[in-house]
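Enquirer: The structure's right below; bear with me while I get my questions together.
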Amino acid sequence: GERDEGEEHHSLETFTFYLSEPLSKERVEAFSDGVYAIVATLLILDICEDNVPDPREVEEKFHGSLLEALSEYGPNYLAYFGSFVTIGLLWFVHHSLFLYVTKATRLMGLLNILSLAFIGGLPLAYQLTSEFAEKSHNEIEAIQVSCVITFFASIFQFAIWTTALLHERETLHPFARYGGKEHAFMFAKLALYPCVSLGAFFLTCLLSEFSTAIFHLMQIVIPFAFLVLRIFVRISLTAIKSVMSLSRREVVLLEEEEACLSPTETLS
């Protein structure tokens, strides 16, 4: 049948309304938690499948000493724990971010999917860093690929927060908005992984002989850096507030002194 112009205009408005409709924050969080859980499970399956010594090998090669047999897989276990800590801390950052997000836009959902796509590559990064021989060219490239995966997984999280700041009144809790109590700490927390992973990538390019040590040092240092970061941000904010309060007091004292002076003294 024929449609009049009013019906077509109404359908067009409905269509554009649904395009601009915000996403469900709860579904974004549920989907993200599911991906993080699956990635952590795959990492556990990888370490349990290929890095368990055979009982016959333990008896013949290591004279029945299980600890000596396990020590041979030490680099693989170190890569596993580093990768698992990376997944856990990226989930922690994601949780902290969406704790202050009140409404998720479609652009934030797209950036979240891109971040999760690189999160899914962390088991691949673990396999690459634990498979190749130490100080070989392939191992250096595998470590650099792992740094790139970590960088993009974290930089898209930072992009989610930046996008939320553009419409902070609709998308963010007042604590995380510009000038809020958690604004500076959220900025530092979300910028930590991109900066460290990018720095580790360039260091492995310059100091290829120490690439393995640099990569594992990055994975070990970052958990402690989160703790130091909060202390540093709190101390910095306290120092800034104290300096600002002192300057305000000096201004108030000068105004009070000027008020106490007579007009002739003020002119002089």
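Our numbering is plain: 1 for the first residue shown, then up by one each step along the chain.
Every residue, even glycine, has its Cβ placed from backbone N, Cα and C.
So TrEMBL lists these for the protein:
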- 77-100: transmembrane segment (TRANSMEM)
- 107-126: transmembrane segment (TRANSMEM)
- 142-166: transmembrane segment (TRANSMEM)
- 187-207: transmembrane segment (TRANSMEM)
- 213-233: transmembrane segment (TRANSMEM)
Enquirer: Compare 77-100, 107-126, 187-207, 213-233 by their Cβ pairs under 8 Å to the transmembrane segment (142-166) and return the stretch that comes out on top.
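Expert: Answer is 107-126, with the largest number of Cβ pairs below 8 Å.
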Enquirer: Determine which residues of the chain contact the transmembrane segment (187-207) at the Cβ level, with the cut-off under 8 Å and only residues 6 or more beyond its ends counted.
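Expert: Residues 89-90, 93, 96-97, 140, 143-144, 147-148, 150-151, 153-155, 157-158, 161, 214-215, 218, 221-222, 225-226, 229, 232-233.
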